[in-house]
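Asks: Below are the structure tokens for one structure; questions will follow.
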Amino acid sequence: MQLTSLPNSQRPREKLIEKGAKALSDAELLAIFLRTGLPGMNVIELAQHLLNENKTLHNLFNASMEEFCAQKGLGTAKYVQLQAVLELSQRYMQERCQRDAIFNSPNAVYDYLTLQMRGLQQEVFMVLYLDSQNRLIKDEILFYGTINSASVYPREVVKAALKNNAAAVIFAHNHPSGIAEPSQADKLITNKLQQALQLVDINVLDHIIVGGETCVSFAERGLI
């Protein structure tokens, strides 16, 4: 069925204007993004087909460019548009979280870090600088690559924490493999950093490893 054959109340764009975005299904929202269908398949049917093929929005949105463009009705232009929309959404959420963030529980930190590190293909080491009330001053990626004593420099971490007037810090890094278990190298570098920061009266509250949708807290495991 052609989209133009549907009453206005069933056309995604008109439905959104009338009822708001929350009233639309996943397929209808995706159809607005896609804009056009294919011969013999209107845009809503195409959107539903893509959702069925990918099983979840997460799978569709996190597909590589090659995987994305290989799918029916998609191409480089759509991939670029989607990545731009996702990045804008993430920056908006980061802005909201950063403005309101008070890290008084591991779960609050998990939510923030999962948003920050979702989809990263490279291992990174991030520091959250906190004030005396555990409010976020700033987050910063200090190091890239495998986290060990050769790639994470305590002197640089201390320097950055002092520069940001931090009363406390939380370390975080990701495991792109999706396995969040801490390695022996993770434990050793955390201990070195904790000792270095103690010399300037800055508390290390936690070190959190993000692996996919899972997080592991050193503090909860008694490692800090």
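Every residue, even glycine, has its Cβ placed from backbone N, Cα and C.
What you see is a predicted model, and the numbers here were worked out from it, not measured in a lab.
I grabbed these lines from Swiss-Prot:
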- 102-224: domain 'MPN' (DOMAIN)
- 173-186: motif 'JAMM motif' (MOTIF)
- His173, His175, Asp186: Zn(2+) binding site (BINDING)
Asks: Are there residues at least 6 beyond the ends of the motif 'JAMM motif' (173-186) whose Cβ is under 8 Å from a Cβ of it, and what are they?
Replies: 117, 120-126, 146-149, 207, 209-212, 214-216, 218, 221, 223
Asks: Can you name the residues of this chain that are 6 or more positions from His175 (Zn(2+) binding site) yet have a C-beta less than 8 Å from its C-beta?
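Replies: For His175 (Zn(2+) binding site), the qualifying residues are Glu123, Glu181, Ile209, Val210, Gly211.
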Asks: If you average per-residue pLDDT over the domain 'MPN' (102-224), what number do you get?
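Replies: Value for the domain 'MPN' (102-224), mean pLDDT as a whole number: 87.
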Asks: What does DSSP assign His175 (Zn(2+) binding site), in three states?
Replies: coil
Asks: What's the number of neighbouring CB atoms sitting within 10 A of the CB on Asp186 (Zn(2+) binding site)?
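Replies: Excluding its own Cβ, the number within 10 Å is 21.
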Asks: Write out how many residues of the domain 'MPN' (102-224) are helix, how many strand and how many coil, based on DSSP.
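Replies: Counts, helix then strand then coil: 37 helix, 38 strand, 48 coil.
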